[in-house]
Each structure stands twice: as structure tokens, then as C-alpha cells.
């Protein structure tokens, strides 16, 4: 139960940071392109890689990993978790599965979003 609390609290922090980042991007560059989301995905993926490498080198508790990686970075962007999964497959030498995962994840998510839109719009 404590591990779940770590993820929930970290996720709330990450989501708050994501919201503030999006609001800042809207003020800076306007709403014509999703700059905030793109920045969040790139920065979150970089931060996830940095954190995981430091954690692996210096060691760290499962609780710290859950709070920071799963919670904060997961709340900030799930794209960072996706990027870490891709990198893990790649570093294991599973190049084809890594690219299959990336392709299926991106295309599958976009198709699922459009299906959700279609379903919601077709309801009375």
C-alpha cells in the first residue's frame, strides 16, 4: 500500500508540473502547435534516462524508483515510460521488437484515440 501511495503522490506532482509546462508554452508560443506536449515528451524522456542511469550506477531503493520514475515522470509524461521500454528492448539486443513496439504503440494509440472519438460522437 505504501508503494501505491508513493506512485500516487509522485504522479500528482508530475501532472502538476506537466500542467504548468503546458500553460507556460501556451503563453510563450500560442496554441497553434503542441509545443508544450512535445517539450514535455522530450524533457521527460531525457530526465527518465538520466534518472535511471544514475539509479543504476549509484544504487537506489525501489521506493525512490517508484516515486520518481513511475510517479513523477509517469505523471509528467507516459512517453518517458514508453521511451524507457524501447531503450530496454534495444539495449537487450532486441532491435526488431523495439521498433515493433514503437510502431505498434504510436499507431495503436492514434487509432485508439480516433476510435474513442468516433464512439463518443456516435452515442446519442
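For all residues, glycine too, the Cβ spot is worked out from N, Cα and C.
Per Swiss-Prot, the feature Na(+) binding site maps to 74, 77. Mapped onto three states, the DSSP output places residue 77 (Na(+) binding site) in coil.
Swiss-Prot lists 1-21 (among others) with the feature transmembrane segment, giving sequence analysis as the kind of evidence.
What Swiss-Prot lists as transmembrane segment is 35-55 (among others).
Look at Swiss-Prot and you will find 66-86 (among others) tagged as transmembrane segment, backed by sequence analysis.
The transmembrane segment annotation in Swiss-Prot covers 99-119 (among others), and the record cites sequence analysis as its basis. Counting same-chain residues at least six beyond the ends of the transmembrane segment (99-119), those with a Cβ under 8 angstroms from any Cβ of the stretch are 82, 85-86, 89.
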